[in-house]
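Participant: Heads up, here are the entries from TrEMBL:
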- 1-17: compositional bias 'Basic residues' (COMPBIAS)
- 492-607: domain 'TMC' (DOMAIN)
- 1-42: region 'Disordered' (REGION)
- 141-162: transmembrane segment (TRANSMEM)
- 193-213: transmembrane segment (TRANSMEM)
- 225-245: transmembrane segment (TRANSMEM)
- 319-340: transmembrane segment (TRANSMEM)
- 361-382: transmembrane segment (TRANSMEM)
- 394-414: transmembrane segment (TRANSMEM)
- 509-530: transmembrane segment (TRANSMEM)
- 562-580: transmembrane segment (TRANSMEM)
- 612-633: transmembrane segment (TRANSMEM)
- 669-693: transmembrane segment (TRANSMEM)
């Protein structure tokens, strides 16, 4: 029998020994069935923790102060669990790793496959590797404009051109779709339909405004073509504005997200620039050239930051350069004004114009747009700006030049539209006076062989003359208005504007091709094959190989797109023509760059966001929209052609449709919304919202700069 003291000591030892005994893991139980149920869990993380716990027991089993029987039981149970579930866990993790690797390979193959369908991606990458990101930004910009014109072509083709072709009146069924008999013989001549005149069958086709019918509904489905024509014309500008602003916002976000690359520039390029997945020797060569160019760009960036300048000399040279630029702009505007005025005087005085006199305005405008940027580039060398700043000044100056040229042409076209509208108004005044037998303050003179007393607007009589004398109530003083044409299209000013814009685009394309061949290709041939037998080294001195002029070429794209926006309302097929033009320009420019040009002596990194190009394009869109909106709001549509004939204004088709085809309450709501009571507060609220968002943007930009400076301070 144990003494009370010995029994108490035995119970204490037994109680303390319990802490050294085997403790079941939390997920298992002494009951075998419950342990199997826990072990059969499908959670990989739980199985992994259980296996790790059992392996820990197996490795430390000898150090445990357990009885041998308990050690053997724990060891046997741990081995069974590890053998049973480790293989399954290993296979699961292996499958996961293999699946992740296969997914990464699939994503990369899919990206490489998608790159095949990205237009000109490999061509642009090759140009970027040899000429730097500045030259490549031009081709990326061209591809983006190509995408915009594809969408514009689909819009105009699906909602305007195709409905007219499928459901509209066929060719020859109406006066506006019939070629006059006196023009029918020469309608197929090459000099009639192509380039210089765009007359003949081209004039009476879906290319121009005058071909489209004025029926409110066409086809069995009752498609409203005039309404669709107006809405698509406005949607072209709206879509262009939206896509431009969206692209600029996206580029701004990307530039902020990638701003960290500005730190430790050389380390990033030296240690992290190579792509180890390259397996093609040609791709490796292109990648090496791209890395070399990027390092050159970074070196130039650092040199420009540390360059010391003589402030007085620099300011003097910049003042002289700006004076020369202003003189060049004034001279180009005067030349265009002189040519436009001469062309108008010749049209009034001469009956038959020569080929040069018909097209001298377009040719002179194209010549100035081709020659003047080179003069600006020579002047820019005096200013000694950073290459990127020089590029931006060059872009701004060339943009002002192009806008001056384009607006000079627009003023000439509007003068012509005024004269055509005046001719039509004089004809209508004559008709009214004849019908009402009211000869007050007006006289009518008709040839003896033409005794018609009423002139219908759709059928102008040949050789009829209307004369208004002094004192007419409408203010027509000593003007003779001739009507010497049988076809109504001669009085369709919308078709005339569309013809001029398409003609200008065609002439611009011809001059572009000629400049590439003469300035780049033949110049490169002369330098290459005449350098050995010439008095000096042609490759290092004049004329040497040409460099790709980023500023002029980018502005040429902006100028070209401005012509498309300005003429798309009067020539619905103009975006489709521009798509073909951009395709040819991409292949021709890229061939000339890779074949005839050499990299710039000063290679610099292009702006990361390229928002400067987009800002100029947005500015051009706004300025090109103004003449179109002015013509729509100011001039009455032609009476004999087009979908808006018979309307007082072009935009009246919207109010007419709302009034006739919508319920009365909807018309009341639209009238109330468009009233000044709603419009003025809405505009005020919009301006306040813009100011508020701009203030937030400025504060966030300031905060971002402060954080960047703190990060740089901590890093150094």
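Backbone N, Cα and C atoms are what each Cβ position is placed from, and that goes for glycine too.
TrEMBL annotations: computationally assigned, not manually curated.
Note that the structure is predicted; figures quoted are calculated from it, not measured.
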Participant: Excluding the flanking five residues on each side, which residues at least 6 beyond the ends of the transmembrane segment (361-382) place their CB within less than 8 Å of a CB in that stretch?
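Facilitator: Distant contacts of the transmembrane segment (361-382): 317-318, 320-321, 324-325, 328, 332, 335-336, 339-340, 343, 390, 393-394, 397-398, 401-402, 405-406, 408-409, 412, 500, 503-504, 507-508, 511, 515, 549, 551-552, 555-556, 559.
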Participant: What same-chain residues lie close to the transmembrane segment (225-245): Cβ under 8 Å, and 6 or more beyond its ends?
Facilitator: 148, 151-152, 155-156, 159-160, 163-164, 168, 212-218, 565, 568-569, 572, 575, 614, 617-618, 621, 625, 628, 643-644, 650-651, 653-654, 657
Participant: Contact between the transmembrane segment (669-693) and the transmembrane segment (394-414) is defined here as three or more C-beta pairs under 8 Å separated by at least 6 residues; is that satisfied?
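Facilitator: Between the transmembrane segment (669-693) and the transmembrane segment (394-414), which are separate recorded stretches, there is no contact, as judged by 3 or more close Cβ pairs.
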Participant: Suppose I define contact as three or more CB-CB distances under 8 A, residues 6 or more apart in sequence; do the transmembrane segment (612-633) and the transmembrane segment (669-693) meet it?
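Facilitator: Since fewer than 3 Cβ pairs under 8 Å link them, the transmembrane segment (612-633) and the transmembrane segment (669-693) do not come into contact.
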Participant: Grab the same-chain neighbours of the transmembrane segment (509-530) for me: Cβ-Cβ under 8 Å, and only residues 6 or more beyond its ends, written as numbers and ranges.
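Facilitator: Cβ under 8 Å, 6 or more out: 195, 366-367, 370, 538-539, 543-546, 556, 581, 584-585, 588-589, 592, 595-597.
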Participant: What else in the chain is close to the transmembrane segment (562-580), if you only count residues 6 or more beyond its ends and a Cβ gap under 8 Å?
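Facilitator: For the transmembrane segment (562-580), the list is 146, 149-150, 152-153, 156-157, 160-161, 206-209, 229, 232-233, 236-237, 240, 402, 406, 410, 494-495, 497-502, 504-505, 508, 620-621, 623-625, 627-628, 632.
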Participant: Across the domain 'TMC' (492-607), what are the DSSP residue counts per state (helix, strand, coil)?
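Facilitator: Residue counts in helix, strand and coil order: 79 helix, 4 strand, 33 coil.
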